[in-house]
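What Swiss-Prot annotates here:
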| type | residues | note |
| --- | --- | --- |
| BINDING | Asp126, Asp155, Leu156 | S-adenosyl-L-methionine binding site |
Amino acid sequence: MRSEGDSWDITTSVGSTALFVATARALEALKPDPLAVDPYAELFCRAVGGSWADVLDGNAADHELQSDDFGKHFVNFQGARTKYFDAYFRRAVEAGVRQVVVLAAGLDSRAYRLSWPDGTTIFELDRPQVLDFKREVLGGHGVRPRTERREIAVDLRDDWPQALRDSGFDAEAPSAWIAEGLLIYLPAAAQEQLFTGIDSLACLGSHVAVEDGAPLPDAEFAAKLEEERAAVAAGGERPFFQLLYNERCAPAADWFSEHGWTALGTPLNNYLREVGRPVPGPGSEVAAMFARNTLMSATKP
């Protein structure tokens, strides 16, 4: 279970979820009809090696991401999610935004793989071990950012707004924010603090996009925890539910709407249909998670 002030690197706790997601993006890129192509996700997997690389080579048939149920749908999910947020950033820069803030940046490679207008600055916030890993892997392969990229080594439970300002963020200029795959790892109070921080630093003309997930019913979450603990103890599964804060928060679209933003939430399953990917059936392992997931974007008029 999580504890206040807990820490991690790229292969442990919350950090390892970034590798898991990068592996899914790499598998999506191998499809003949990918929704999004992240050419650098594979580099991260191979840098760590082991099962992270084996699954890309087809040498890990029992890996979760290779399963017909969870694996197939999770890879589709990552392709769709990446496509959604890539399109969000294109709209933001077309509207004139030249400051981008990536919260809990993890192995996000958009600074390296998307086209950015001249004068764009991307601020990436995460724990120092995670930022170091990404920079060293990509730098070791000669990959350079396509615009100015500034690393801010900070825990989002600390005073990240001040750290962002100290790194040159201009609160008087429009900005585009992203919280992708982050909120489920925050307690409710920290999510409120995060949204408040974004709102306080974002001037008129700014944009924000988040992945929002409603909590599971308490009894269902407790059952998932018990099942997962047994599987982890047997060596057959990585922790996931043990990393979550299953706490009730205001839906992101509601929160930002109530604070003067124009927000639109798109249920994940609706977006999957829109981009031509199957929605998990009622008996699927991921059905409950997908049904509670919403992709939201908002502008501050």
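Quick reminder: no glycine exception, Cβ is built from N, Cα and C everywhere.
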Binding-site residues (Asp126, Asp155), the one with most neighbouring Cβ atoms at 10 Å: Asp126
S-adenosyl-L-methionine site span - longest C-alpha distance across Asp126, Asp155, Leu156, in Å: 7
CB within-chain contacts under 8 A for Leu156 (S-adenosyl-L-methionine binding site), separation at least 6: Leu103, Ala104, Leu125, Leu182, Leu186, Ala190, Leu194
Additional residues around S-adenosyl-L-methionine, ordered along the sequence, whose Cβ is within 8 Å of the centroid of Asp126, Asp155, Leu156: Leu103, Ala104, Leu125, Arg127, Val154, Arg157, Asp158, Trp160
Assigned conformation of Asp126 (S-adenosyl-L-methionine binding site) - DSSP reduced to three states: strand
